[in-house]
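Now, the feature entries from Swiss-Prot:
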| type | residues | note |
| --- | --- | --- |
| TRANSMEM | 9-29 | transmembrane segment |
| TRANSMEM | 39-59 | transmembrane segment |
| TRANSMEM | 139-159 | transmembrane segment |
| TRANSMEM | 173-193 | transmembrane segment |
| TRANSMEM | 245-265 | transmembrane segment |
| TRANSMEM | 272-292 | transmembrane segment |
| TRANSMEM | 313-333 | transmembrane segment |
| TRANSMEM | 335-355 | transmembrane segment |
| TRANSMEM | 367-387 | transmembrane segment |
| TRANSMEM | 388-408 | transmembrane segment |
| TRANSMEM | 413-433 | transmembrane segment |
| TRANSMEM | 457-477 | transmembrane segment |
Amino acid sequence: MLEHFCECYFDLSGLILCPVLGSIILLFIPNSSIRLIRLIGLCVSLITFLYSLVLWIQFDPSTAKFQFVESLRWLPYENIHLYMGIDGLSLFFVILTTFLIPICILVGWSGMRSFGKEYIIAFLICEFLMIAVFCMLDLLLFYVFFESVLIPMFIIIGVWGSRQRKIKAAYQFFLYTLLGSVFMLLAILLILLQTGTTDLQILLTTEFSERRQILLWIAFFASFAVKVPMVPVHIWLPEAHVEAPTAGSVILAGILLKLGTYGFLRFSIPMFPEATLCFTPFIYTLSAIAIIYTSLTTLRQIDLKKIIAYSSVAHMNLVTIGMFSLNIQGIGGSILLMLSHGLVSSALFLCVGVLYDRHKTRLVRYYGGLVSTMPNFSTIFFFFTLANMSLPGTSSFIGEFLILVGAFQRNSLVATLRALGMILGAAYSLWLYNRVVSGNLKPDFLYKFSDLNGREVFIFLPFLVGVVWMGVYPKVFLDCMHTSVSNLVQHGKFH
């Protein structure tokens, strides 16, 4: 009876529309009813998260086919329609999205009076668009939602950013990502003219010439590389993180950076396998350089958010190495590391937000000795610092280990350079923790700092559970994605 109920009433359209309906309800509530606004926003986001967990329970990991498939004709053309579904490559990105949105609402809980209901609506709309990106199996609609995510994020950074340069950072973020995607739009139009469809499942059975594959692969790469971001188109990310509110940084690090790598997995690699093999040495070289460069750059930063932002660039370029190893270990490890990064990096930005709420600065030199005034915060910060270093037993370790195994099978030199990047990662992580938590207290007023309150502890708990769960028992996650990853490798004949 329960299975029949779930099959009938739990589908992707309901999941996608849930935050939209919540936003519509909030439009009719006056800003003065702040308690009701907060409660509705939190309830809608939690319902969406529980909805995604039900889909996980119903998900069949033994098949590589798309599940919960829905199709709707929205244009008067036979091969262009709203077509969506999920598989092992996209399932956990949907769950990660629905997990982080309630956190973002809780983060802005105390400042909701100044933010207003528009703040919650912006995050709910952002959730709707990001879930749609991970579910769309039509190239044209994927592009529409892929680009539409920019709008609420532009507003979140530009309106609720924390410093005077927030407008510049918002425009830089918007223009970088928009201009990169123009090439993908042209490629989609070219595909439509050649094949007459934008249906992914049809395109996966279409054989493009090697020359056409290379042209299309480059166009898609120009769009996805900016979102990852890969060097040298990573400049927008540190500025966006520094100026964004804490919840905005959580979405940027936790979800938005995954859109580019997901695009590689969903479209570039399976649709253009010959071009992928051709450009793999280029990706390996670019990613290895980026890991070393950004790790060294991180050691020179003085802003807490910039340190974590550059660390994110290094981790996401490690993800690209794993994906383009084109084997089961590398791709599976890259997906696991993306999920881990979504938890660990988001938690580190929350730690910075805790300090900024109390001190109104993110400069490292103003901190030190917090272990004596904020022991609970120091313990949590230490835990996520270790997770960022990929300590065994934490979520990042398994992902990085599998990526190294996959990379060694493809190119041992690049894998060796990545190992050097891990050493540098440990260096800047420990340096940051030592400067902020250890040593002597700097200004006298640091003695008046309050430790984590109940709401903040409650926010960190799910991250702690997730990081430990993925680190101690990753089989739950790897089993769900294994069949889809194997199918991807076999489809491209990469093995």
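Just so you know, glycine gets a Cβ as well, placed from its N, Cα and C.
Sequence-distant contacts of the transmembrane segment (335-355), counting only residues of its own chain at least 6 positions beyond either end whose CB sits under 8 Å from a CB of the stretch, comprise 89, 92-93, 96, 100, 103, 107, 241, 246, 249-250, 253-255, 257-258, 261, 265, 304-305, 308, 311-312, 315-316, 318-319, 322, 362, 367, 377, 380-381, 384-385, 387-388, 394-396, 398-400, 402-403, 436, 452, 456, 459-460, 463, 466-467, 470, 474, 477-478, 481, 485. Under 8 Å from some Cβ of the transmembrane segment (457-477) lie the Cβ atoms of residues 92, 99, 103, 106-107, 336, 339-340, 343-344, 346-347, 350, 376, 380, 383-384, 387, 392-398, all in the same chain and six or more residues away from its ends. With pairs at least 6 apart in sequence, the transmembrane segment (413-433) and the transmembrane segment (139-159) have fewer than 3 Cβ pairs within the 8 Å limit; the two do not touch. As a quick check, the transmembrane segment (245-265) and the transmembrane segment (39-59) miss the bar of 3 or more Cβ pairs under 8 A, pairs 6 or more apart, so the two do not touch. Long-range neighbours of the transmembrane segment (413-433) within the same chain, counting only residues 6 or more positions beyond its ends whose Cβ lies under 8 Å from a Cβ of the stretch, are 284-285, 287-288, 291-292, 295-296, 298-299, 304, 307, 311, 314, 318, 321, 364, 381-382, 385-386, 388-390, 400, 403-404, 407.
Remote same-chain residues near the transmembrane segment (272-292) are listed as 208, 210, 213-214, 216-217, 220-221, 230-231, 234, 313-314, 317-318, 320-321, 324, 326, 410-411, 414, 417-418, 420-421, 424, 491-494 (criterion: CB distance under 8 Å, separation of at least six residues from the stretch ends).
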